[in-house]
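According to Swiss-Prot, the protein carries these features:
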DOMAIN    25-103  domain 'EMI'
CARBOHYD  152  N-linked glycosylation site
DOMAIN    225-260  domain 'EGF-like 2'
CARBOHYD  271  N-linked glycosylation site
CARBOHYD  476  N-linked glycosylation site
DOMAIN    486-521  domain 'EGF-like 6'
CARBOHYD  575  N-linked glycosylation site
CARBOHYD  634  N-linked glycosylation site
REGION    824-891  region 'Disordered'
REGION    926-1037  region 'Disordered'
């Protein structure tokens, strides 16, 4: 083989071997080299596409012709690029041997082996740096004939004779001990005894009596016999005394019997037992072993050369050299290519415009679009945007940079700068096109961040995530594997459910609170919680507790840590989160929010009061009698006037009246008072507010309301009305054998006695309301009835005035009732009596035909007008006390004639001996004035009112009068011939206001109008007078 080929062969073998180095070898380093490549690139080039149709009339303007179209087509070109790549080589002090880098000793180890760069390990019997000397201890020199000049049995180097002084002795001859305050090899360390002396060899402190401790920093307590010092060990710098061995275990960075000696260069860790692995001049920290690389190198072992474009400590500096120049990685000095010089390699060796070895060839570049030409070959350097051999061609579209040879080829998310085309790489990538990952131990943007991993193989170039060794987690690999992983590199997945963690060594699951089982797949049983489900729930009213924290899950209506508190008033539901909507003092159930209303209210939200007549929590019916009302909350009865007792069922006791029966009656001569308004009901023959006045002349009877029938100037008995005739006269009036025709007419007491009329008018004017009540009370007291009655009286006697006749009515015309209007009456009979006179136009249409009496006497029937409705339905049953219906009819009879026209079945026809009047229709109010007496008895004049509901309205309960509880007793037959039919009456204006309220739901009826209010529908019935007749029988109902 020729000699020129040998160097090439060795270089090829070296490159081949360099390519086979193992990158995981701790002694393998890397460097960057540049290389050029010729590639075929594609780019778009614009072309003008001419139109296919010719321009037919170009003279009309170019805008009328079809225009060419610009299209882009892909073309290819050859480009030469310079790039850099990372290559492996053995670190400084090492060389490659069979694929591995082994240490290199500059001097061959004669009788030993090279264990580190320039460090030999000699076999026994040999000494020296290269293990070539066999001098005995204490001798040195080539012939081993020179004694060492080292004292205290110190050894010396067998070649140089330099003494190796042990700890505590000063060089060069090891004869003098260390200066006080210093210790160790070559006396290079200061004592750490707080001013106290130390052992020159070990550095152990000699503490005074009052202090103790490894560094004399613990004070002793003084006693009677001196100082008492606590027992301490002698290990310094955090060393731990090992009792079994009786020695100190030193922390990282320290060594020696008491841990007083720092680690020598090249060692680190506990007891300095670990060897440093830093290359290329890097130093390791004696505590952590982390390498501090020399400028120009990086990596955890300082094995990598700084990337191209970076230099300095930890490759943190950026090179500031021309694009084609490289910088020295240690200090950043630029390494210029041929033809350039200067700190940045930007200065041309040739003057501008020339190039070549002698700088005599002129440049051919377009000066306007170029920078210059290369000083060696004359190649033009075009300004960005221009290309061509002479920089006179503009760059095609989508190209940039000098010579238009660059495309934005930024990979892995890199962004291309619009002006220069430089790529701003994404984190973890570097290079012109962001094609390369960050160098080892660097990551992030521009690979500027240093990895901080411990116990790791490498770190991610993107985010610095460490690839850890077995049992260590990601991050800086200083703690166990993260949750969910275990094993080598934490690549085994934990089989633990519900966020449980597993042991980084064994993978055993440690369950989170609330779960148990081999894989933490089972929830805690009900009633248990916490880690291992070992805790039991402490809840009162709950559906269990949270399996993790044990928080009680309260049932609706409960709250508190233990669900032991009921919801506060006004709240309800789960966690008492709902607000009650109960009104009027109602409360809600904490479980479901249902309202519990306060007494007197009802409804879902207690929004409605109890209906009238009801009270209490459930609006139960009131227990109050006689139409009294009760308090809606507690049901207390409020009695109407005239009633008393807890339930208002007891009438006022005799002699009392009014609300709560608190008033005392003021009635005399045996008169009784009305229990509601206190008005006196006088006995026969007495009148006045307090029954203190006797009947005036010409009157008699109850309240002196009946006129005497004894003739002018004659007296009558004030109680019975019997005439007190003068001698020679008898009868009533005091005339004998005089037949007077009967006249049906309205009469007043004035018609028979002027003095009585004047007194009657005065009494009516002053006591209208009282008279009504007195009359009703008197009737009740006289007859023992439960209801007041309407009376139709007969009156004999003739008054001057117009006559009226009641036309005959066939016998079949029976059972009539009236409509609400004024009507006129006529009297008719088969044998009409003498005509009767009625005064004035009041009854002008009524006639009085005479009718002879029959065998049994006169049978006079007053026939109602034709507009009174005919009623043929069967008579109803007995009068219902619960009904207030009033039937308006009119009939009278005092013989065994055809019977009355109107009969409701309450009185048999043969028993009917008196006229009957009742009211029924829509008419809400009716009055009957001046009821005349029947023949043969004293006359009575009275005033009464009747009320009843309108037809078609629901029946209403009649008022319960004060004497309704009395037993009915048969009354002596009055000779007045008056028959009374029960009907609900209103006594006076005051009693109207004292009536109990209507039942709920009934509107006020027409009959609730004030009495004697002459509105449409009011009418008066004229009194009727008839000839004397046999005494009538009365039927009590």
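Using the three backbone atoms N, Cα and C, a Cβ is placed for every residue, glycine included.
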Greatest C-beta neighbour count within 10 angstroms, which of the glycosylation sites 476, 575, 634: 476
Residue among glycosylation sites 152, 271 with least C-beta crowding, 10 angstrom cut-off: 152
Averaged pLDDT, computed only over the residues in the domain 'EMI' (25-103): 72
Cα-Cα distance linking residue 634 (N-linked glycosylation site) and residue 152 (N-linked glycosylation site), given in Å to the nearest integer: 119
Candidate glycosylation sites 476, 575, 634, pick with smallest Cα gap to residue 271 (N-linked glycosylation site): 476
Rounded distance in angstrom between the Cα atoms of residue 476 (N-linked glycosylation site) and residue 575 (N-linked glycosylation site): 46
Counts of helix, strand and coil residues, the domain 'EGF-like 2' (225-260), according to DSSP: 0 helix, 12 strand, 24 coil
Secondary structure content, the domain 'EGF-like 6' (486-521) (per DSSP, counts of residues): 3 helix, 9 strand, 24 coil
Residue 634 (N-linked glycosylation site) to residue 575 (N-linked glycosylation site) - Cα separation in whole Å: 35
